[in-house]
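**Q** In case it helps, Swiss-Prot gives these features for our protein:
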BINDING   Gly75, Val76, Gly77, Lys78, Ser79, Ala80  ATP binding site
BINDING   94-95, His107, 133-142, 167-169, Glu295  substrate binding site
DOMAIN    60-203  domain 'SIS'
DOMAIN    229-288  domain 'CBS 1'
DOMAIN    297-350  domain 'CBS 2'
SITE      Lys78  site 'Catalytically relevant'
SITE      Glu130  site 'Catalytically relevant'
SITE      Glu171  site 'Catalytically relevant'
SITE      His212  site 'Catalytically relevant'
Amino acid sequence: MGSLPPPSLDFSSIDHNSLKNGGSSHQEISHDNLLNLFKSQQDLLNHFFKHLDLSQTLDFSRILLSTTGTVFFTGVGKSAFVANKVSQTLVSLSFRSSFLSPLDALHGDIGALSPRDVLVFFSKSGATEELLRLVPCARAKGAFLVSLTSVSGNPLAGVCDMNVHLPLQRELCPFNLAPVTSTAIQMVFGDTIAVALMAARNLSKEEYAANHPAGRIGKSLIFKVKDVMKKQEELPVCKEGDLIMDQLVELTSKGCGCLLVVDEHSRLIGTFTDGDLRRTLKASGEAIFKLSVGEMCNRKPRTIGPETMAVEAMKKMESPPSPVQFLPVVNEDNTLIGIVTLHGLVSAGL
């Protein structure tokens, strides 16, 4: 076997100051230069908006809206990231959509395509070899093919059923190479189409929330009081005849800041808070040792039902005359079934 010649080690030409700065020379980014870059990018995006063919865009939107199958998106490199993102946006809006890798498609994944589907190609140049190889295979599956390109007369546009031209004056990159404007245009185009489809389908806020159960908007429209309340052994419960001093552990150990006073049938009588404890101690002194919870509790507390939306519980806590930190949860006959706390609502992401 052959071998590589030994390296020639010459350290005399090394710029040690350059090494300290990461191995390359840098210039400061000035305020004016940065501002000019943003203005230039704005001008490039304005060129896109000014020259976009709305008739092409409308036809494309209607095809996506009317498809009875799945809308697949594909691309290579940075365009692949855009294609994937736009696809996921549509999925979040209850549209059947998916990203199709052009490489994986040629190794089995193209089996997902059917004659009812639409395949959308994101490509700046329209000359990407991987996408051109995919076209005849996708056509054999019967899918409708759409290219979104920025170069006129490109080969991909010529072999697809439809092309939408995304006008691009140039890239912001000083070499006109890095796809920093073309991808922005692709993203703006894709997301705007997604919103147009959303409006055409009359997607409701409730449907949107159902697709985002972990997000704040989803939780606010899905979670009910019964989903976030404490219950059973978590409740700081006592009877009205119990002495205040005998219930200090119950008052302080359940993390609710209160006692829930109930009768023998678990119907709510009132509440006694840690604030009530401080006020009673200040007003009564040693007499507090003989006072029962029932004598000092609030017999008209705010309450809420288990089927009420959790976000409404938060509003009720914050309503006049003064905010509260908790709400006892009762059913129709005032039987205590839980407690919802402000801390619990915040922890749930509401």
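Backbone N, Cα and C define each Cβ position, glycine as well.
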**Q** Non-local Cβ contacts of Gln169 (substrate binding site) (under 8 Å, 6 or more apart, same chain)?
**A** Leu44, His47, Phe48, Thr181
**Q** Taking 3+ C-beta pairs under 8 angstroms (sequence gap of 6 or more) as contact, is the domain 'CBS 1' (229-288) in contact with the domain 'SIS' (60-203)?
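**A** They are not in contact.
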**Q** If I take the Cα of Ala80 (ATP binding site) as reference, which of the recorded positions Ser94, Glu130, Pro136, Arg139 has the closest Cα?
**A** Glu130
**Q** Show, in sequence order, which residues other than Gly75, Val76, Gly77, Lys78, Ser79, Ala80 on the same chain lie with their Cβ within 8 Å of the centre of the Cβ atoms of the ATP site.
**A** Phe81, Val82, Ala83, Phe122, Ser123, Thr128
**Q** The domain 'SIS' (60-203): mean pLDDT?
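**A** In the predicted model, the domain 'SIS' (60-203) has a mean pLDDT of 97.
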**Q** Closest of the recorded positions to Gly142 (substrate binding site), Cα to Cα, picking from Val76, Glu130, Glu171?
**A** Glu130
**Q** Rounded to a whole angstrom, what is the C-alpha distance between Gly75 (ATP binding site) and Arg133 (substrate binding site)?
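**A** Here the two Cα atoms are 12 Å apart.
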**Q** Give me the CA-CA distance between Ser79 (ATP binding site) and Arg133 (substrate binding site), in Å, as a whole number.
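**A** One finds 17 Å between the Cα atoms of these residues.
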**Q** Name the one residue among Gly77, Glu171, His212 whose Cα is closest in three-dimensional space to that of Ser94 (substrate binding site); these are the recorded positions.
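**A** Out of the listed candidates, the nearest Cα belongs to His212.
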**Q** Helix, strand or coil by DSSP: which one applies to Gly75 (ATP binding site)?
**A** strand
**Q** Can you give me the Cα-Cα distance between Arg139 (substrate binding site) and Glu130 (site 'Catalytically relevant') in Å, rounded to a whole number?
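**A** Computed Cα spacing between Arg139 (substrate binding site) and Glu130 (site 'Catalytically relevant') is 15 Å.
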**Q** For Ala80 (ATP binding site), what is the tally of other C-beta atoms lying within 10 angstroms of its C-beta?
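**A** Here the count is 20.
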**Q** Looking only at C-alpha atoms, tell me how far Arg133 (substrate binding site) is from Glu171 (site 'Catalytically relevant'), rounded to the nearest Å.
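**A** Distance (Cα to Cα, whole Å): 26 Å.
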